[in-house]
C-alpha cells in the first residue's frame, strides 16, 4: 500500500504550509494531472456518457415528430454569423493574397483582401466602407450571398487543410457594426463641387429591389439630384423583404441600406405599380425622365398546368404568395403591422423545386407549424440548384428530400389536398430526362408549395414596358454588358434582365447600369465619359476628418510613414509608397561611400514569438540586415526627385556615420541640400554596424549621442531626430542627451537585439554559409510594441512636449492611436508592410479618422474604439433565455433550454421591433471631432511609477454563465498559477469565483477564450489584507506618496505614516 502522506508538521503538529488544505484538494479534483496509466472505460458507459456533453444534434430520428420545435422561431440560423471574437480570428487567418481570386469571383468585385485586412485591424468602418463602395447592399449580401459558389469557392485557402475563409460572415460583421454606428452616407465634396446642369436630370427607377437600390445609390454618388424609385408594394426592398425569410435576412438590414440611399437624395414612392395609375415608360418620359431603370424582378410564379384551379383554401401555395405571407407576419418594421398571423401549416408539407427559393419555403414551413416537410425535385442530389448553404440548412432542420420525382397529380378530398402523386424520373444514356409512368410514388400531405421559378407575363406590365423589345422568353431584351434595352434611355437589371440569378448579381446589374446611364445622360449634354467605370466610393462625414499633424513646423498629411527598413530599400519603393497614401517615408539608412556595406543572406526571418503560425500576421521578424547597400549619391538624387514630384509629402533622410565630426557634418549637410525635410540619425542599429563603430556603438553612450547631436545641429537648419535603442537600461538618459545636444526630437525605438530560432540539431536560423553561423539580430513587429510603447511614454513623461517619432509594432490605426496617446507625434511602420503591402496605409487612415470621429459621439461613449459593447451571445448570436443558472448549452441542459425557448417564442410577438437596430435620423451626433494634436499624450497623466497605484481599490473576477463555453481555462490557470479561487462543477462544468479567495490578479480574464465572459468588478465590502500565510510581526500599510516629480521620481513619506 502507498503510505499515507503527512499532513502535519513533525515539529509542532500544525498543518503543513507547503501542502494544500483539504478544501483546496477538493477544489482541485478536476485539475489536470500527469497520467501514468492508460484510461479504460467500457463502451457501454461512454455511449451513455457522451449524451451528457453533446453540443450538436443527436443522430437518429430523421424527421420532426408532432409539431415542429422551430415554430415561431425566426432567429438567425446562419452558420456564417460571427461575433467580434470570431470575426477577428477568421480575419487573421486570411492570407490577403495578391491578385486575389476571391475578388475576381465576386460579381460586384469587392476588394475582399482589403476589407478583411481592415477587420483584422479592428477598423470596422474601413471594412464597411470598402464593401459598400462596391456593393451598396453589402450587409444583405454578406448574409445571403451563395459564397461557396462565388468568393469562397475561389479562396486560396481551399488548398489548405483548414479550408476557405468565411467571407460572407466577415462582410456581415463589418457592415453590421457600421450599421450600429448609425452614421449617414453623404456625397463626396469632390462630386458636390463638380455638379452641373446634367446632374439635375430626372431619373426614374421602377421596383425597389436590390438592382434599383444599387443603381440609385451609384447615380446619387455620381451627383444626380432628382432620383425616384417607384415601388408597387406598400413596403420597400423587393424580393429581399418579401421572399427571403427573416431568419436569413432581417428587415432592419434592408431598411438600413435603403436609408443610406435616402441619405444622398434618393426618393421612394410606394404603392406605384407599373401599368396602373399612369406609371408606364411612355408617361415617365413625358414627365421628363431622362433615363429609366427597370428592376421589377419576375413577379409571377411559373405554375404547372397540373395545379390550375388550386388555391390557398385547398392547401396550395406558390413561393410568390407563400413567402410574402410569411414575411408580413415575421418581419418587424416591414409593413407597420403590430401583429399578423403566420400562414397555418399543420401537418405535412411538400415543397416542389430544388432551388434556393424551395429551401426557403421548406424551412419557413417548419416555422409555420408543419410537422414534416418533404422537398421533392425532378433530378438527383447532384442536380440540385440550391447552393450548399441553403440545402444544408434544410437538412439540419430535418426536412426530407425526395429526388427523381415529377408531380403527376394532386388528390383533393373535401376541398383539401390529401396527397400528391409523382412519376419517377430517369435519365437515358444520352443525358435526356424523362418520366417513367410505371414508377409512381404517392405522398400523403396537407399542403403543397410550388417553387418552380418565376416569370414576367402580366399583360398590364408588358404593355407598360413598351416600346422596349422583349426576347423569345418573354423578358426584356437587354445588352448584358451595359444593361441597356432596345431604347437607349431605358436600362434594366436583376431577374427581369435575364442574367442575374442572385441578389449580388442583381446589385451588380444596378451598378453597371448606373455607369452607363451616367454616360447616356452626359452625352445628352455633350460631355464625354470614359467607357471604363469610375464610380465614386462610399462616403460619410468620417471621411472628412482631418488627420494631418504638425511636428517641428513640418506638416504631415497623415501621421503614418514608412520606417527606415526593407520597405524603403529603393527610391522607386518610396515613390510607390507615396502614391498609395503614406504621409512620409524614411530612406533606408545610408552613409558615406567609404562606409558601404554588403549584406549576408538569408537575413530576414519570421519570429518565433508567433509559434507555429505561418503566412501573414507574424507577430515578429528578426533581421540581420545592415544599412543600405546603395551609394550616398543614389539616395541624395532620390530625395531630390521625390521632393520635386511629391512636394506635400515628407521625406526623412536616415543617415549613419562613425563617431567622426567631419563625416556627420558632410552627410548631414548633403542630405539637407538634397531637400530632405527632416534627418533621422541612426544611432541604434543593433547588429553588424556596431562592430564597425556605427549605430549601436554610438547610441548607447549619452555623451556620444549628445556630441553627435551638437555636430549636426551646428551644420543644418532642418529638424533632426536621433533614433533611440531599446537595448539599454534607461532610454530616457539617451533622449535627454539628444535634447541637450540640440536634437529636435527622437525616434523610439529601433529593433530589439535577439536570437530567434534554434533547431533540434543545434543550428540557428538564419544560418549563413556552409558553416551555418549566425549572430544576434534585431526583432521587430508587434512583439516589441510593449517595449516601444514604454520607451515612448517614458520619454514623453520625462521630456514634456519633446517630439517623438514612434516605431515598433505599429500595425493598425488602433495601435497607432495608442502610441499617439502615449506621446508620439507621428508613426513609423515596417513589419506590418512586410506582413502585407503598401496599401495598408488606406486602412490606417480610415481607421484613425473613424476612431477620432466616434470618440466625439456621446451616444457611443460605451464603445471601445470601433468595437461596440459585447452583448451576451453563443456562437455570435444573441441568447434568448438569459440568467438561467445551472443550465449550460450542452447535453440534457441544451434540450431543456430548447423547450423553454420554444415556450417563450410561442408567446412572443414576431413583429416586435424592440430587439432590432433600425436606422434612425438624425444619425449619430458628434459634438467635436478631436484632432491628432488633441490626442497626443492624452494617456500620459495616467502612466507613472508603481507606488502611485492604489492597492486598496481591489477588483475581483465574475464569470457570466450565459457566455461561458465551459472550457475551464480560468479554473486551471487559477489553480496552477494563481490563488485556487475558482470552483468547477463536475456536472455542468460551470466555473464560479469565490470572492473571498479572489485577489483580482486577472489571469482568468486573460486566458478566457470568450471576450467579456469574465469581467473584473469592484470587490464588495471593505478592503481586506492579503492572506500572509504566517502572521507577520508587523502588518504594513501603504506608504503615502508625497510628490511625483516631472521625471517620474517618487518622494515617499518615510516617517512611518501609512494609509
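Placed from the backbone N, Cα and C atoms, the Cβ positions cover glycine too.
When 695, 778, 781 are compared with the FMN site residues 564, 588, 589, 723, 807, 808, 809, 830, 831 in Swiss-Prot, the one appearing in that site is 781. Within 155, 175, 208, the residue that Swiss-Prot lists together with 94, 97, 102 for binding [4Fe-4S] cluster 1 is 155. Residue 682 (substrate binding site) falls within a strand when secondary structure is assigned with DSSP.
Nearest by CA distance to residue 102 ([4Fe-4S] cluster 1 binding site), out of the binding-site residues 207, 238, 497, 500, 974, is 500. Cβ atoms under 8 Å from those of the domain '4Fe-4S ferredoxin-type 1' (84-118) belong to residues 124, 126-128, 130-131, 134-135, 138, 141, 150-157, 162, 165-167, 169-171, 173-174, 502, 504-505, 507-508, 511, 615-617, 836, 839-840, 842-843, 846-847, 867, 870, 875-876, 1009-1011 of the same chain, restricted to positions at least 6 beyond its ends. The average pLDDT computed over the domain '4Fe-4S ferredoxin-type 2' (955-987) stands at 97. Separation of the C-alpha atoms of residue 781 (FMN binding site) and residue 683 (substrate binding site): 20 Å, rounded to the nearest whole number.
Most Cβ neighbours within 10 Å, among the binding-site residues 207, 238, 453, 494, 781: 494 holds that distinction in the structure as shown. Nearest Cα neighbour of residue 684 (substrate binding site) among the listed binding-site residues (155, 357, 498, 1001, 1004): 1001. Cα-Cα distances to residue 1008 ([4Fe-4S] cluster 4 binding site) place 964, 967 within 10 Å, out of the binding-site residues 234, 238, 964, 967.
Taking Cβ pairs closer than 8 Å, the domain '4Fe-4S ferredoxin-type 3' (989-1019) reaches residues 84-85, 870, 886, 888, 953-961, 963-971, 973-974, 977-983, 1026 in its own chain, all 6 or more past its ends.
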